[in-house]
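Here's the structure, in structure tokens; my notes come after.
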Amino acid sequence: NLYQFKNMIQCANKGSRSWLDYVNYGCYCGWGGSGTPVDELDRCCQTHDNCYDQAGKKGCFPKLTLYSWKCTGNVPTCNSKSGCKDFVCACDAEAAKCFAKAPYKKENFKIDTKTRC
């Protein structure tokens, strides 16, 4: 679920950046998304959005699905082995790792999505 995703983000980035820094970043981070991603981090969010869309098509509710995971050496690892739980956990874990690797550009936080996306 979204609370677990927040914790995964903080696991992967070693707590160096708040999950709130990713809300309203670029064209895809936060609720919704459209247009062309502005950078690598925004592409991580687009991929995560697409993953959640795929989960929805499988009958899952990704924003609400509780799963089992652990943080080992700043790497989120899924423990869930069942359908929706495993799928959603993988979406979140891959996104958290992607966020941790991608450069964060302050100029892409709270951009005007009407003109830039």
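Glycine residues also receive a Cβ, built from the backbone N, Cα and C atoms like all the rest.
Other Cβ atoms within 10 Å of the Cβ of Cys71 (disulfide bond) number 15 in total over all chains. If you look up Swiss-Prot, you'll see Cys11-Cys71 (among others) marked as disulfide bond.
Taking a C-beta cut-off of under 8 Å and a sequence gap of six or more, Cys27 (disulfide bond) has these contacts in its own chain: Gly33, Ser34, Gly35, Thr36, Pro37, Val38, Asp42, Gln46, Ile111, Thr113, Arg116, Cys117. Under the heading disulfide bond, Swiss-Prot lists Cys27-Cys117 (among others), citing similarity to another entry as support.
The Cβ of Asp49 (Ca(2+) binding site) has 19 other Cβ atoms within 10 Å, all protein chains considered. Taken from Swiss-Prot, the feature Ca(2+) binding site applies to Tyr28, Gly30, Gly32, Asp49.
Annotation comment: Swiss-Prot describes Cys29-Cys45 (among others) as disulfide bond. In this view, Cys45 (disulfide bond) is surrounded by 22 other Cβ atoms within 10 Å of its Cβ, with every protein chain counted. DSSP gives Cys45 (disulfide bond) a helix state.
DSSP classifies Cys98 (disulfide bond) as helix under the three-state reduction. Summarising the annotation, Swiss-Prot assigns disulfide bond to Cys44-Cys98 (among others) and lists similarity to another entry as the type of evidence.
Cβ neighbour count for His48 (active site): 23 (other Cβ atoms within 10 Å of its Cβ, all protein chains included). The active site annotation in Swiss-Prot covers His48 (among others) and rests on similarity to another entry.
Residues near Cys91 (disulfide bond) in space but far in sequence (CB under 8 A, at least 6 apart, same chain), listed by position: His48, Cys51, Tyr52, Ala55, Pro62. According to DSSP, Cys91 (disulfide bond) sits within a helical segment. The disulfide bond annotation in Swiss-Prot covers Cys51-Cys91 (among others).
With a cut-off of 8 Å between CB atoms and residues at least 6 apart in sequence, the same chain places Ala55, Lys58, Gly59, Cys60, Phe61, Pro62, Thr65 near Cys84 (disulfide bond), listed in sequence order. Summarising the annotation, Swiss-Prot assigns disulfide bond to Cys60-Cys84 (among others).
The disulfide bond annotation in Swiss-Prot covers Cys78-Cys89 (among others) and is backed by similarity to another entry. The number of other CB atoms found within 10 A of the CB of Cys78 (disulfide bond), across every protein chain shown, is 20.
Counting every protein chain shown, the Cβ of Asp92 (active site) has 27 other Cβ atoms within 10 Å. The active site annotation in Swiss-Prot covers Asp92 (among others) and is backed by similarity to another entry.
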Could you check which of the disulfide-bonded residues (Cys44, Cys45, Cys89) sits closest to Cys71 (disulfide bond), going Cα to Cα? Cys89
In terms of DSSP three-state secondary structure, what is the assignment for Gly32 (Ca(2+) binding site)? coil
